[in-house]
Amino acid sequence: MSWLQVIVLAVVQGLTEFLPVSSSGHLAIVSRVFFDDDAGASFTAVTQLGTEVAVLVYFARDIGRIATAWFRGLRNPGRRDADYRLGWYVIIGTIPIGVIGLLLKDEIRTAARNLWAIAIALIVFSAVIAAAEYFGRQVRHVEQLTWRDGVIVGVAQCLALLPGVSRSGATISAGLFLGLDRELAARFGFLLAIPAVFASGLFSLPDAFAPVGEGMSATGPQLLVATVIAFVVGFAAVAWFLRFLVRHGMYWFVGYRVVLGVVVLILLSTGVVAAI
């Protein structure tokens, strides 16, 4: 992997990780179209560590408050507030993707990264996002979250294992279908992603240095630089996206996903780019 590839893919990762457009799908598309190869699932997982650190920094106060409330609630049942419960919902919501991710790790690294599958997922899941925006009542706030919300949004997060779906798109859509307001749906989804993405990144770290049969390999310094770039770009992206989401919703991204999916299908149909 050249340094140009590293920089371009890191910027793509940072820009798209928090948008409902699928960062893993974009990395696969950009890699194939411009560099005639796939960055690989391991490179994707490791660079996601940079964007998740960006989430940690951006939501540091929220995370600190939730963690404090959770430990306080364990010691003193009389002080179990909404933040204490939110801590449990994040834990509960992380379980599904942990189990499914381990069971399907081989498929995620290979078959699911086919550009035909990614293009179709981009288009099909656009309908889900649009439906969530249209039917979501957005009347529930953090005090009204329940363990059921944690389970459902956690299960929805499993869809992010398929490139082309989008983690934020899946979790925010699930939250909207459950009646959560847009900002809560986004914040809860981002918090839910932190343990899952960190576990995935650390698990994939050894493979990222020498992926066999799954794409371009990156050196240690390249992975470090890519992760730092993804952090910087990702921090700016999450700050912008939350403001944009509250004001405008996700319809703009629905249109973008459909256009991108159609373009990729055309490139595949005409033989301009290979599916795998």
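Every residue gets a Cβ built from N, Cα and C, even glycine.
If you look up Swiss-Prot, you'll see 1-21 (among others) marked as transmembrane segment. Same-chain residues lying 6+ beyond the ends of the transmembrane segment (1-21) with a Cβ under 8 Å from its Cβ atoms: 27, 30-31, 34-35, 39, 43-44, 47-48, 50-51, 54-55, 122, 129, 166-169, 172-173, 190, 216-219, 222, 225-234, 236-238, 241, 250, 253, 256-257, 260.
As annotated by Swiss-Prot, transmembrane segment applies to 39-59 (among others), with the evidence given as sequence analysis. Residues of the same chain lying 6 or more positions beyond the ends of the transmembrane segment (39-59) and with a Cβ under 8 Å from any Cβ of it are 1, 5, 9-10, 13-14, 17-18, 23-24, 27-28, 31, 108-109, 113, 187, 190-191, 193-194, 197-198, 200-205, 207-208, 211, 214-218, 223, 226-232, 234-235, 237-239.
Here Swiss-Prot flags 84-104 (among others) as transmembrane segment.
Nonlocal intrachain contacts for the transmembrane segment (115-135), taken as residues 6+ away from its ends with a CB within less than 8 angstroms of a stretch CB, comprise 20-22, 25, 28-29, 32, 159, 162-166, 169-170, 172-174, 176-177, 249-251, 253-254, 257-258, 260-262, 264-265, 268, 273-276. Positions annotated as transmembrane segment by Swiss-Prot, on the basis of sequence analysis: 115-135 (among others).
Annotation comment: Swiss-Prot describes 159-179 (among others) as transmembrane segment.
Annotation source Swiss-Prot lists transmembrane segment at 190-210 (among others).
Long-range contacts of the transmembrane segment (222-242) within the same chain, counting only residues at least 6 positions beyond its ends with a Cβ under 8 Å from a Cβ of the stretch, are 1, 3, 6-7, 9-11, 13-19, 43, 46-51, 53-55, 57-58, 168, 183, 186-187, 190, 208-209. The annotation transmembrane segment is assigned in Swiss-Prot to 222-242 (among others) on the grounds of sequence analysis.
Annotation source Swiss-Prot lists transmembrane segment at 253-273 (among others).
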Legend entry - Residues of the parent chain within Cβ reach of the transmembrane segment (253-273), under 8 Å, 6 or more residues beyond its termini: 19-22, 29, 32-33, 115-116, 118-123, 125-126, 129-130, 133, 164, 169
Legend entry - Remote residues contacting the transmembrane segment (84-104) - C-beta distance under 8 A, at least 6 residues beyond either end: 66-67, 69-70, 72-73, 142, 145-147, 149-151, 153-155, 157-158, 160-161, 188, 191-192, 194-196, 199-200
